[in-house]
Amino acid sequence: MNFNNISWRRLKNESWVTMLFLGAQVIIFILMTLTGLSKGHGLSGTYSGEILHQFGAITARDIVIYREYWRFLTPAFVHIGWAHLLFNSFFLYFAGRDLEEVMGHVRFFFFYLLCAMGGNIFSFALTSPETNSISAGASTALFGLFGGFIALGRIFPYNPKIQYMARNMLTLAVLNILLNLFSPSIDMLGHIGGLLSGLLLGFAFSAPNLKGNRYDFVEDNIHRRIVCGLGYVIGIVVLLLYAAKVYGMYY
């Protein structure tokens, strides 16, 4: 018996990228809480704007003045309070594992990060310059999971599991947007940007792990994948150029 081959197959079948992202956001939350304790915030350190900013949350000022473009990505691992962390972690654990299983580890890794980045750029570009809010949370990436499953539902119209997930994700996305549309504490633009990113990248990345099963008739083609991939890139460029004009920035 070749234990190396067994270990590799086991690792290949595990949702280790999902667990990596989960572990990262939990560790960051613990570090934020410990920092809050050291600064006299008690167990409420994750509500402190100073600590949120220190660990990667984003404000328009960070991009416009300090050019800290890495903050388009880091807010996905920063959470405000236990409820925020637990809700996002719960959804990532269940939906992330399913999407990683069909998309593959490497594709899912980049899919998740690109959705987070797309949602944060969308929010930054379209939020009023007068708004001085701070944004944090994995919701941009999680709405990308919504979009990814919806896209796969179109690519694999005869796969019952994908169709079930696609319908549920579409329903959850619509309900979430409607229920939080006018909430001032919710970055709705980030959610919408993540959803649109997930749709485009879902079509672009597809799900190669599904193409060998008995539901192998797919509505997939290379031309749509290229168009959607380019659509994501062009959308990001257009949003950044628009933001540059609005904020008087020059990239």
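Note: Cβ is positioned from N, Cα and C throughout, glycine not excepted.
As recorded in TrEMBL:
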- 67-206: domain 'Peptidase S54 rhomboid' (DOMAIN)
- 16-37: transmembrane segment (TRANSMEM)
- 76-96: transmembrane segment (TRANSMEM)
- 108-127: transmembrane segment (TRANSMEM)
- 133-152: transmembrane segment (TRANSMEM)
- 164-182: transmembrane segment (TRANSMEM)
- 188-205: transmembrane segment (TRANSMEM)
- 226-244: transmembrane segment (TRANSMEM)
- Query: Which residues of the same chain, at least 6 past either end of the transmembrane segment (164-182), have a Cβ under 8 Å from a Cβ in it?
  - Reply: 95, 98, 143, 145-147, 149-150, 152-154, 188, 191-192, 195
- What are the DSSP helix, strand and coil residue counts for the domain 'Peptidase S54 rhomboid' (67-206)? 108 helix, 1 strand, 31 coil
